Amino acid sequence: MLTRETIVNIVLAALLLAVPLAANASGQPFYVTIATRVAILALAATGLNLALGLGGLVSFGHAAFFGIGGYAAGILASHSFSGEPLLFGLSGTKQMPLIWVVAMLVAGLVGLLIGTISLRTSGVYFIMITLAFAQMVYYFAISWPAYGGEDGLSILVRNQFAGVNTMKPVSFFLICYVLLMLALGLFVLVRGSRFGSALQAARQNEVRVATVGIAPYRIRLTAFAISAAMTGLAGALYADLNRFVSPSMLSWHMSGELIVLIILGGTGRLFGPLAGAALFVIFEYLLGGLTERWQFFLGLILLATVLFARGGLLGLLAGKARHG
Amino acid sequence: MLLDVSKIEASYGASQALFGVDLAVAEGEAVALMGRNGMGKTTTIRAICNLNPPRAGSVRLAGTDLKGKPSHRVAKLGIGLVPEGRRCFPNLTVHENLVAAARPGAWTLDRVNVLFPRLAERHAQMARSLSGGEQQMLAIGRALMTNPRLLILDEATEGLAPVIRQAIWAAIRKLKAEGLSILVVDKTLSELLPVADRCVILENGRSVWQGPPAALTADLQDRYLGV
Amino acid sequence: MAEPVLELSDLVKNFGALRATDHVSIDLKPGEIHALIGPNGAGKSTLIHQICGTVRQDSGTIRFAGQDIGHLGVAERSRLGLGRTFQVSSLAPEFSALRNVMLAVQAQQGTSFGFFKPVMRDASLIDRSMAMLKRVGLQDRARLAAAELSHGERRQLEIAIALALNSKAFLLDEPMAGMGPEGSKSLTGFLDTLRQEAPILLVEHDMDAVFALADRISVLVYGRIIATGTVEEIRRDPAVRAAYLGDHA
Amino acid sequence: MTLALALEQLLNGLQLGVMLFLMAAGLTLIFGVMGLINLAHGSLYMVGAFACAAVASATGSFWIGLIASFACAAAAGAIVELLVIRRLYDRDHLDQVLATFALILIFSEGTRWLFGSFPLYLDIPRLLQGAVALPGGAQYPVYRLAIIAAGALVALGLYLLIGKTRLGMRIRAGESDREMIGALGVDIRTLYTVVFALGAALAGFAGAMVGALQSVQVGMGEPVLILAFVVIVIGGIGSIKGALLGALLVGVVDTMGRFLLPQVLALFVPPSQAGLIGGAAASMLIYVMMALILAVKPRGLFAAAHA
Amino acid sequence: MKKLISAATLALSMSVSGLAVAEPLKIGMITTLSGGGAGLGIDTRDGFMLAIKQAGNDEIEVITEDDGQKPELAVQIADKMVQSDQVDILTGIVWSNLLMAVAPSAVAQGKFYVSTNAAPAALAGENCNPLYFNAAYQNDNLHEAMGEYANKDYKKMFIMAPNYPAGKDSLTGFKRFYKGEVTSEVYTQVGQTDYAAEIAQIRASGADGVFAFLPGGMGIAFMKQYAQSGVKISIMGPGFSFSQDVLGAIGDAALGVKNSGHWAKDLDNEANKKFVEAFQAEYGRLPSIYAVQAYDAGQLIASAAAKADVKDTEAFRAELLKADIQSPRGKFKFNINQHPIQDIYVREVVKDGDVLTNKIIAPVFTDHEDAYAKDCKM
């Protein structure tokens, strides 16, 4: 039996596929780029949603993982371009799948590191510590000269994926779309798994989880690292979309925006990040076209969402969230 | 009637806890609110103070309907609460606990200190370092400093040593003698009944019996209150 | 005499100037129900927190199932078989009753790092959990969210969870609180059968239940055990009468 | 390195610390009393600076501007509290973060709307211009000394307010038991508005004081806000004492790190490299310090009982 | 609300004037119109539009978009302009990091990029490109000029810049020409607002001059704090730290500071007088160096458009290279790497009535070329 939410989700997924394909067919490749941006931001936010939505871990530092993923892509590509060896004689690469693996590994490892310290705390402490760690990575990226510092790092030609011309906007979009759908699938699996049970229970009642003999810390740390890796993957794709990485991917505004996506879409919902990303990009595009003050109105909309429409877009479309 | 509670219903979280409580306190009267654990005594008191506003029924204090009034307005209208668990402010000194929310009137710091000399001795001590009995005195003193017309004591002597309990009951008798209206909850009937003018018994969120202490037979005690 | 399952020796805990636990020594022997009573604020909660590991004692030892657990975390103590219910129900409110129990079963099976297999299609979890719900009489409420259960049902659910953990001892914190007389009566009967499974340390205000169930009673006042003994010994003890039971005991 | 230089850098660290304290005190007070995390605190700092610059340029007096900064930030704080913040007390931290994040966008763009994108001019008052001699031959700006003094006065004032007045007692009582203080007849909602406005006024005051030293521009509050977060996390959220200690620690460590790290590195690598690497390391130093402190004390140096 | 939207549409229609022309030359201007750096972008836009307006060529259409000083946004706008609007030329970016994000991929897609300000070394040497022109300078130029200028009176210099690539280029540029001793080379944090620690080091350094490259708010903060510090060592810097947009906020603390520039309001030539007058008449304020550079970029494009079709890339490029314009800077021609060869002056901040502004003292370089042109193989 299909619930209303499932129907809304299917419609959203279909729309995200149909709109850019139609735009491409009618010679409007720019809308394909916009849709790609939606897909990538949704992927990043889905990563965050794993920690935030399922685990209740309000990370205000996920830009760090997004940026690290981006830099992984940028650095590998630039070494491949220049031919200089990277580390321990390893060379760079322009192969997307390899770049993705590296991006996820590095982001996941950094997530593990940051999580190890920050998960010892909770509540506001956790919010602020993740924020501060992200700032640390941000300042490092700005002042470390090797990879462009504040100027960022260009990837002159988009990286490659076997058998696909990635420079064609619609091909690259499809790659991102497939990855997003895979990530959403993974999210569903994890949510229904033993691990997901423990993670969600730890959000609802930490003491209860500990009392049945599951250490919440390890569950959360694992979730945080997976979440970081997924957001890192999105970062690598974002780098390829823009053919450019810069420290602004690591800024705390980016962390804030990722949370905004989830809330706009609907906290804890599978398709919340996608709905939120679509809404956000459309706002940015429409409002940005109307007025240079678009951030002012974005602020108002966001405030209204938090105060009066807590379910976000999916809450409006599909009713209250149901829990298993 | 000073306090007139009529058919109130209230919920605690998702589940309903009160299903119709009637209770009244006349000027200068001491009323004992009784019942086993979990029968709704504390919820009734919270409902009166609008800490848990009742869903139905009415609470009137000296004729004023308390409906919709935030708890601080209720307090200002003349209810002084000594809550279950005392809830003194642990990070404030005894002196500060007494004056923080004080309102002008007959009760002053000096009079409270006369009533409870122990508090005067410990005026500079943090409330968290007081013993249970001293905390109870502080909670009563704190409520008196707001110069209430009606003093509500939830579990007036619970968990206190016998000696201290005698001191608390003595103070309550004194307050009653001065004409203060009192609504009191306590488990120790032998100490409570001599103080009360009237008793109200709750069972499963309803008021099931009212009457003078003399009418509270052993049979009734066994049925509603017995251990 | 059988070796105690749980043994607290000379436990001390201070909060600043306040001594919440004052050289407490009690034990729990196989097959018995040992009730812990005392006025509010006497330090029962602090004591339970120390047994479960949420509060660390200042000195003294806690031995459970033959080993010193005083330095272990909450989850580790649970894994050793310390089953606990809470004074105020502590459940995962959004999860169904069934899924709350399933969490305990999966913990008991020792694998919470499965990422792919859906729990709702895992017969090894569901069957055992349903069996536990049946034992406490909640099988018809299995699909309701814990938040939607009544107060008494949540208590029953907590016990089902403790059962699912194959506990070697139960630590029940005021299980009767907030139950109607009917509920108390049936729960009393249930606890009486539960003692076959594992001994129970029972913290309870409901004297009917305590006197009906307990093999031994300890009375805690101001952080100190003032008496330990059988029901009759405690009823007669003048210190206990003065401090706690009062004249009408 | 001479003694005079060391002394001067220590004063610099102290001054930065004092300024951070003004920000952190408000943040930590608001968290301690209302349990609210307020990202828009930096915006109130900005409001103070803009109010001071605008009023100072209209009236020609820095001092009137300073009063205006206090008043405007307090008013902005009170209005925001009444319209938005009080709906957030019962929400979880996520909602609070988001709503106050939205407020940052509104404040920043709103200010830009009103004042344009160019930085505003705000100069140090004549009375406090120039420098005084320090022992050891160096000189130190009078204005920075004034900031240190002002910060010390505010710290003292806060201590007296919180510790000695009825308002302070109620604030502390509200911290430990909000419902009870209400049940005793204190209007907790008004109290919260007052506390929020007070925190805002402190931030605005800091913004005005610092605005005269820096450029008054949109977004000026954000770097300070993040530093203030680091301060209160180190100090223990909700603790004014912790905020003071944390602020001084961050101020001194940051200043000394920026100054010493390149010099230490210069012993090992060429100066120009030392400058680069030292600079990079110095910018992360306080975060490393925070991580170390939290690894040992996860709730900061002076953890409040709850939080 | 209504008023707001109509104001916004007005702004929009202004920026897309000349919409109704058939088959025009399309220029995409990406610049910073919101956020902290908006002042620079607004001057860029206004200077550029002034040149286009003066050219009176109906066939030129300009589409303007705000990048918010965010590289990702700039890239997305560039994609949109190239893919959807099918512009022929991109221009307007203020910041090096945004330029590095946009320009290489734009020229790779066969579009012209004419820079109005940003001029990173990376695009001036080996990686120069036939389609990439810079109408402003090369990033190092103004720093080099101060290095040269410092040789005259200063034996020991304290040099300082933010810790990011442009800052490193700056100090490298300065040292390329400065022959004296560098006592310290300090890199500050990007966006830093308190310079007490650095000022203390300056005081203790024993240098007789300070060269500081601190653009925007950083420079404002530094100058105000320096003026209060009691340190009397004289300050110099590149022109951007003392351009018209920041002088007002620095206030009198900037008086007397020497800085380098390839233009000043009082530069004595006919084109400059006309430009300053026209700009003031059009916008009611003094132009900044960003406005001049954008004005020249506009002139360059218009001059080439008058003689060649932009679709004929080779011909259009040849016309651009001729630089057949009357620049307010005076002499202006392109080097082989398509960066300007121009004079660079030392200026001093003075008070003109109530307004602080720059006055030219003397030329430092004539026909100055950048250091990277020799690596450009075109």
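Using N, Cα and C of the backbone, Cβ positions are placed for all residues, glycine too.
Listed as Cβ neighbours of the transmembrane segment (D:12-32) (distance under 8 Å, sequence separation of 6 or more from its ends, same chain) are residues 38, 41-42, 44-45, 144, 147-148, 150-152, 154-155, 158, 171, 175, 195-196, 198-203, 205-206, 209-210, 224-225, 227-229, 231-232, 235, 237-240, 242-244, 246-256, 304, 307. What TrEMBL records for D:12-32 (among others) is transmembrane segment.
Positions annotated as transmembrane segment by TrEMBL: D:39-56 (among others). Among residues of the same chain six or more beyond the transmembrane segment (D:39-56), those with a C-beta under 8 A of the stretch's C-beta atoms are 23, 26-27, 30, 62, 64-66, 68-73, 76-77, 80, 97, 100-101, 103-104, 107-108, 111, 114-115, 120-122, 199-201, 203-208, 210-212, 216, 218-222, 224-225, 228.
Summarising the annotation, TrEMBL assigns transmembrane segment to D:62-85 (among others).
Taken from TrEMBL, the feature transmembrane segment applies to D:97-122 (among others). Beyond its flanks by at least six residues, the transmembrane segment (D:97-122) meets 37-40, 42-43, 46-47, 49-50, 52-54, 56-57, 62, 65, 80, 84, 88, 91, 208, 211-212, 215-219, 222 of its own chain at Cβ-Cβ distances under 8 Å.
According to TrEMBL, the feature transmembrane segment maps to D:142-162 (among others).
Remote same-chain partners of the transmembrane segment (D:190-213), defined as residues 6 or more beyond its termini with a Cβ less than 8 Å from a stretch Cβ, comprise 19, 22-23, 25-27, 29-30, 33-34, 38, 41-42, 44-53, 62, 65-66, 69-78, 80-82, 85-86, 89, 122-125, 143-144, 147, 150, 154, 167, 170-171, 174, 181, 220-221, 224. Positions annotated as transmembrane segment by TrEMBL: D:190-213 (among others).
Annotated transmembrane segment per TrEMBL: D:225-253 (among others), in sequence order.
Sequence annotations record features per position, and here TrEMBL assigns transmembrane segment to D:274-296 (among others).
Of the candidate ranges D:62-85, D:225-253, D:274-296, D:225-253 contributes the most Cβ pairs within a distance under 8 Å of the transmembrane segment (D:142-162).
In this chain, the transmembrane segment (D:62-85) does not touch the transmembrane segment (D:225-253); fewer than three CB pairs sit within less than 8 A of each other, excluding pairs fewer than 6 residues apart.
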